[in-house]
Amino acid sequence: MSAQREMKEKNPWHTPLTIIITVIGVIAIVALVTVAVLQNRPVPQKYKYGIVLDAGSSHTALYIYEWPAEKDNNTGRVEQKHSCKVKGKGISSYAAEPEKAGMSLTECMREAEMQVPSRRHQETPLYLGATAGMRLLNIENREASDKVFEAVEKALQGFPFSYQGARILSGQEEGAFGWVTVNYLDDRLKQGLETTGALDLGGASTQISFVPHEYDISESPSNSVAFRLYGNDYNLYTHSFLCYGKDQVLRMALAHQTRSGPVTMSDPCFHPGYSVTRNYNALYDSPCVSERKPKEAPLNFTHTGVGNFFRCQEVVKTLFNFTSCKYSRCSFNGIFQPPLQGSFGAFSAYYFVMNFLNLTDSSIPLETVKANLANYCGTPWNQIKQQHPEVKEKYLAEYCFSGTYIVTLLTEGYNFTKETFSKIKFIKEIKGSDAGWTLGYMLNLTNMIPAEAPDSPPLPHAGYVSIVTVIALLLFILFILSLRPIWPKCSKKPQIV
Ligand SMILES: Nc1nc2c(ncn2[C@@H]2O[C@H](COP(=O)(O)OP(=O)(O)OP(=O)(O)O)[C@@H](O)[C@H]2O)c(=O)[nH]1
Ligand SMILES: [Ca+2]
């Protein structure tokens, strides 16, 4: 017993004063850290929403975006919350019955009503942007295009959102907003990193956008868009080729091969054994080919497949004009294009097609891509159908043509080489949001990307809490050490035996 008491007397930690100080100190630290954590705890998120309808040539899709409501100046990250594919074709296909264009949107709009909390409905902006399908209809029949917009507008105004209008985007806007989307989602803009180019392949047009290295804007001002985003300046090169989306380019390829008005046409871009009857009037019913219609054509022609990638490439190449260029350099059709720069994200049909063909992996060399395509195109149609019973026949029949077109457009059209081809990433989405022009369009119209970098707190939340904890602990240790003079003195020196 006396030994125990002696031990207690010797050990300063066992004096009542130190025990009280320690307990108070521990309570103080716990309280300090708890307050720091609670005070800075992210409050339960409330969101704001925005809706964009992408009225493409082949179909319309609705996208709902959401972002934290609390952030000042809407600087919180915008993400895709939901998307809805409108059933049926694009709005431009309703030229003869415009009301149906409006009605076609109802189902997806009802879904949007369910997805966005009802207390946010009135403040949620709703935009519709139409692309190449409506551009073509507008060229072909202005009145019909206006009627389609009227019908769509009427339908959209019947929903409780804040309707902001429906319009045709210019090709330049479509290309530039696709680039903004890709770089925003990759966090490249905020961090001022080197940007990624954007390649979009639609049904009726295709866009290429990238920031070139040292670039003379004055050479072709219509291909340049200047941005100031988060304090950085960007001089973007962008071009949209109308009629070079995959559906219209297929029309052009078929038109080229039926220019003499034959009854049967053998097509290297379709599989051996493939055979369908096509109508001449239907084929030439587009401003992309209408001028080429043969004078004396029968009603129909039989479209048969031969399945030869290299001959298909030759057909596709005839659709590009490389003969005239009034600039220092061109892509094709006399369009200025500065040298390619950096990496690229290729989305929409680039992705659908290359994904189907198992060619999205960037490590696959260009030569292997071509060899795989040659093998695929040469496979008999019956075998292809057997191998993919789940794929729509229309899509299935066209993958050989589309794959050949993609490779030819990238290499012959845009001048990607076997080295730079590997810099193309075929993507559908980035961090859960689809790649496409819609997000960039909404960010722009809602002023969600500031021109200057916003001031941010010097430390992130976790850093702040850690520093408070460490400082509190240091202060406490310092305090305990400062009490040393009043610790009871040891009466005896330890004996050395
Ligand atoms: N294989 C396949 N093709 C698709 C799919 N969805 C769309 N497509 C086709 O891919 C092409 C491009 O589609 P989108 O990017 O939606 O084109 P769009 O926006 O309607 O057309 P633009 O107005 O020119 O941009 C069209 O020929 C579509 O028919 C899909 O899931 N699989
Ligand atoms: Ca599109």
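Just so you know, the numbers here start at 1 and follow the chain as drawn.
Using N, Cα and C of the backbone, Cβ positions are placed for all residues, glycine too.
Note that TrEMBL annotation is computational and uncurated.
Listed in TrEMBL for this protein:
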type	residues	note
ACT_SITE	E174	active site, proton acceptor
BINDING	G203, A204, S205, T206, Q207	ATP binding site
TRANSMEM	12-38	transmembrane segment
TRANSMEM	462-483	transmembrane segment
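Listed in chain order, the residues near the ATP site other than G203, A204, S205, T206, Q207 are S57, T131, A132, D200, L201, G202, S240, F241, L242, Y244, G245, K246, Q248, each with its Cβ within 8 Å of the site Cβ centroid.
A204 (ATP binding site) is surrounded by 28 other CB atoms, counting those within 10 A of its CB over all protein chains shown. The recorded positions near ligand 1, defined by a Cβ under 6 Å from one of its atoms, are G203, S205, chosen from E174, G203, S205. Looking only at the binding-site residues S205, T206, Q207, the densest Cβ neighbourhood within 10 Å occurs at T206. Cα-Cα distance from G203 (ATP binding site) to the residue listed as 'active site, proton acceptor': 14 Å (rounded to the nearest whole number). Neighbour density for G203 (ATP binding site): within 10 A of its CB lie 22 other CB atoms from the protein chains shown. The number of other Cβ atoms within 10 Å of the Cβ belonging to E174 (active site, proton acceptor), over all protein chains shown, comes to 28. Comparing E174 (active site, proton acceptor) with T206 (ATP binding site), their Cα atoms are 9 Å apart once rounded.
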